[in-house]
Amino acid sequence: MSGISELSGVTILYGSETGNAQDYALFLAKRLKYFGLKPSVVSLDHYPLKNLVTDTKYLIVICSTTGQGELPRNSKKFMKFILKKKLPTDLLNHIELTTFGIGDSSYPKFNYAIKKIHARLLQLGCSELCTRCEADEQTPEGVDGYYSEWETNLLEALKSKIHGIPLTYDETVLLPADNPVEVSSNESDVPTSNSPTELSLTRMGDGSTNLLLGSVKANKRITKEGHFQDVRHLIIEGENLSYIPGDTLALYPSNDNESVETLIQSQPHWIPIADKPLLIHGEIPFVEGGLIDKSKLTLRSLITHHLDIISIPRRSFFMTLAHFSDSTTEDGEREQEKLREFSKIEESEELYNYANRPRRSILETILEFQQNLTIPVEYILDLFPIIKPRLFSIASRPSPNSVELIVAVVVYKTILRRVRRGLCTKWIKSLQDNDRIVFSIHKSNLKFELPTTKYPPILMVSPGTGVAPMKSLIEHITSLGIQQHLYLFYGCRNKENDYLFGDLWASLKSQNKLSIYPCFSRDQDSKIKYVQHKIYEQHELVGDLILNQNAIVFICGSSGAMPREVRITLVEILMKFGKMKDTEADDYLMDMENGGRYLQETW
């Protein structure tokens, strides 16, 4: 492996569900480039695995942990490959490795993903470049505090290994674009016009993805008119669909025309070229769901379908944007310094207060600094993040011809008193009957399978739209005529306003197919406010189901307080009903997790 270049032999791989790990990877890559290195940076699943053997000398893996110790979706293929038993134990003995994990210590399997990856890579022969770091989102210093120390150690290790790395770097130097974009000078390349909807469908030409084409059958509000939350029951028709309860459906949203036009107008030099064809040089960034037809790619269509201009700007965004502020004026120099400040790890509080706390968008950031900003088209793929697909739990029993979703439309006011609308849910709300859409179906991490002989009870816990996979499971089991006891603990605000599918639950209850335990947190006459309280109210039933009847527990909903409180409540019930100590009860739940009897899907 002596032929591997020291400078280009650095590979940064990331596994990221929400974008945090990806941004740390991009930030680190830019830092290393300033030191003269030429790192590759890509998700774990999209790195050509043969390159680990041929092109990699120093391997850096940054990965978050999701759910119950799961790897992010874009790292599962990589893990499956490196776990192959036939791989020789000296396969990667030419590689020096370090890893950085992002996790939440309130979850039982804290940083489980990076531990598994790190351990397996060492088994395949990697040696350690510097010590693995496991960042904890729950600590006061947050992930940034861990990252700063780990990056310092990493840079020191690389400087000691690679000859000629400078001790410092000049952050004012603009590095060449990784994915340069230019406007085609060939007038014959001008694309024919397409409506945004029809243009989105050209993704279907990408044979590397499992895309499906469907049409909207219904898009109905199912919360009461006047209730603050608009929840949609979206029904999509398709062909040859294959899914089971627990699977998710990915949608590929687009930016609205008004936001796209606002961004273009903020950069006057973009206006005359907005609808001219683009040429992308070098490797095209990976776009999950496929790039729209490249022959129809213009600046406007690229922004509309692929550039995420509504998300909160991350550190790597500011690191690049600062270069495009005109520092020849006093205002411009001051603004450039402010943008650079937001890109520094040690100024994470400033970044949080400017971007995260008020949930300021990329578009708003550009508008705020636009007087002194001139963004070259060449750098747009280096500057803007790519729109990620949005995943929703499927809410219908398996059908080859249709699939249902329950979607809460995201609308809220920030501390700046500005109205925010979620990119995807705003798009979903606009969908009309018979609109054609592209989607894909993803298999569940839960590994939920119905037994073939004995059917243990299933205890389901879900507030709000978390009831989607429960509805899928309940309808599936009842349609098969299986005699299986189903218990649903469901929480919402009001019985009259947002008790989703209340009529369905009542009908199934009357047929003795479902035991339903609803609670309504905002109803005046409701003594039981939240699902964990309702569960404890039924502690004898729940204790008997878990300890005597081997019930499966299935929890779905928002991450954070709810799953933690439900787990604490179950520990209390096991202590009371099963006469256990707290450590014994906690171990019992852990055994249930490992045995597939305690399933949790949160976001």
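Backbone N, Cα and C define each Cβ position, glycine as well.
Listed by Swiss-Prot as binding FAD are R359, R390, L391, F392, S393, G422, L423, C424, T425; the candidate from W150, W603 that the record includes in that site is W603. Across the fold, the C-alpha of S393 (FAD binding site) and the C-alpha of F110 (FMN binding site) stand 24 Å from each other. Residues near T465 (NADP(+) binding site) in space but far in sequence (CB under 8 A, at least 6 apart, same chain), listed by position: V231, I406, V407, A408, L500, G557. When the binding-site residues G19, S64, G67, Y107, S521 are compared by Cα distance to T425 (FAD binding site), the shortest distance belongs to G19. Look at the binding-site residues L391, L423 and count other Cβ atoms within 10 Å of each Cβ; L391 has the fewest. Counting neighbouring Cβ atoms within 10 Å of each of the binding-site residues (S393, T425, S521), the lowest count belongs to S521. Mean predicted confidence for the domain 'Flavodoxin-like' (10-155): the pLDDT average there is 93. Within the group of binding-site residues (R359, R522), the Cβ with the highest number of other Cβ atoms inside 10 Å belongs to R359.
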